[in-house]
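K.L.:
OK, TrEMBL features for this one:
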| type | residues | note |
| --- | --- | --- |
| TRANSMEM | 48-70 | transmembrane segment |
| TRANSMEM | 82-105 | transmembrane segment |
| TRANSMEM | 111-131 | transmembrane segment |
| TRANSMEM | 143-166 | transmembrane segment |
| TRANSMEM | 178-198 | transmembrane segment |
| TRANSMEM | 219-243 | transmembrane segment |
| TRANSMEM | 255-278 | transmembrane segment |
Amino acid sequence: MAHARFPERTADVAANLTSPVLGRPICSNGTPWILYLFEECVENVWEYWSVVIGLISMLCFLLSTLPQVYEAYRNGKVEEAMSFGFPLFLFSGDLSSLIGCVLTSQLPIQIVAVVFYIFTDLLLISQFLYYKIKNSSSRKHTMLRWLCFLWCATSTVALLILPKFITDNNTSVNTQSASNSVEISGYACGYLASIFYLSSRLPQIYKNFKRQSTEGTSYMLFALAMMGNGTYGLSVMVVLPALTGSKQTFILKHLAWLIGSLGVLLLDLIVTTQFIIYRKNRFSKTMKMMNVPEVEPLLFEEEELSTL
């Protein structure tokens with residue numbers, strides 16, 4: 001999941017929106033709703049569709065974990081189907097992305113989106129721990145169950161407060177982001193987040209291979225993630241024809257997020273292949289089990305006729 005769409009644009013946008021002449025219209029040819037939400041002056045069709053596709057990507061990420069939460073609630077055995085490394089690496093990647101967004105002075109709507117991603121990660125982790133404890137036979141786990149709920153509630157409250165705290169201190173963040181070292185640190189967090197995102201799929205792929213099954217995991221999680229990562233990469237590439245500066249510099253500044261998005265997209269294709277193969281195997285086993293009761297009586301009847 002890559003979240004920071006245009007890491008380098010905030011300073012440029014702020015400069016474009018500041019008019020030295022009082023009463024002069026600001027971004028007169030731009031799209032009003034994009035200017036209001038993203039403080040971004042979009043004056044051509046390439047930039048417009050880049051923003052729209054980017055919003056579709058964000059929506060896919062926002063919805064991606066909800067099917068898995070429902071699937072875990074429905075079967076109650078998420079610890080058997082999901083590798084704990086999957087939500088843990090997702091959480092680490094989103095946390096690194098949040099730090100990168102703050103250091104590179106991303107817009108409030110982007111920071112709020114990343115905080116929501118972290119909330120859904122904590123929801124997956126809490127749900128995993130809860131069912132791990134619930135399905136265990138140890139008597140000591142009653143206290144741990146309440147601690148799990150307390151941790152989830154505390155995290156929820158903290159994440160509700162965090163966006164307001166970050167946006168209220170946006171002035172000081174912008175001052176710090178003027179430093180090259182802070183900006184480099186922000187991009188380093190972007191590469192670190194990409195590593196975490198790529199690592200998140202590997203434990204789940206191994207778990208599926210070891211079980212020879214994907215039962216208990218929701219495919220919609222990976223399908224929406226693929227849509228989100230694919231549309232994110234498209235949103236970055238579609239703006240290239242409208243660039244007036246160096247396209248190579250633009251791609252290099254987005255490289256960390258592109259590696260994370262497109263790399264995870266390829267790994268999710270492997271997960272998709274696992275879903276197809278293991279579902280076929282489960283279907284064939286079910287058909288064999290259904291045919292067994294029908295064959296055995298016929299064999300018994302043949303034996304009785306032969307004895308007569």
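Glycine too: its Cβ is placed from the backbone N, Cα and C atoms.
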K.L.:
The transmembrane segment (219-243): which same-chain residues, six or more beyond its ends, come within Cβ distance under 8 Å?
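P.N.:
Long-range Cβ neighbours of the transmembrane segment (219-243): 1-2, 5, 44, 46-47, 49-51, 53-54, 56-58, 60-61, 63-65, 67-68, 250-251, 254, 257-258, 260-262, 264-265, 268-269, 271-272, 275.
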K.L.:
Let me spell it out: take the transmembrane segment (178-198), skip the flanking residues so only those 6+ beyond its ends count, and list any with a Cβ under 8 Å from a Cβ in it.
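P.N.:
Contacts of the transmembrane segment (178-198) (Cβ under 8 Å, skipping residues fewer than 6 from its ends): 1-2, 4, 7, 11, 89-90, 92-94, 96-97, 99-104, 253, 256-257, 259-260, 263-264, 267.
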K.L.:
For the transmembrane segment (255-278), give me same-chain residues lying six or more residues beyond its boundaries with a C-beta closer than 8 angstroms to one of its C-beta atoms, as numbers and ranges.
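P.N.:
Same-chain contacts beyond the ends: 1-5, 7, 93, 187, 190-191, 193-194, 197-198, 200-202, 204-205, 208-209, 212-215, 219, 222-223, 225-226, 229-230, 232-233, 236.
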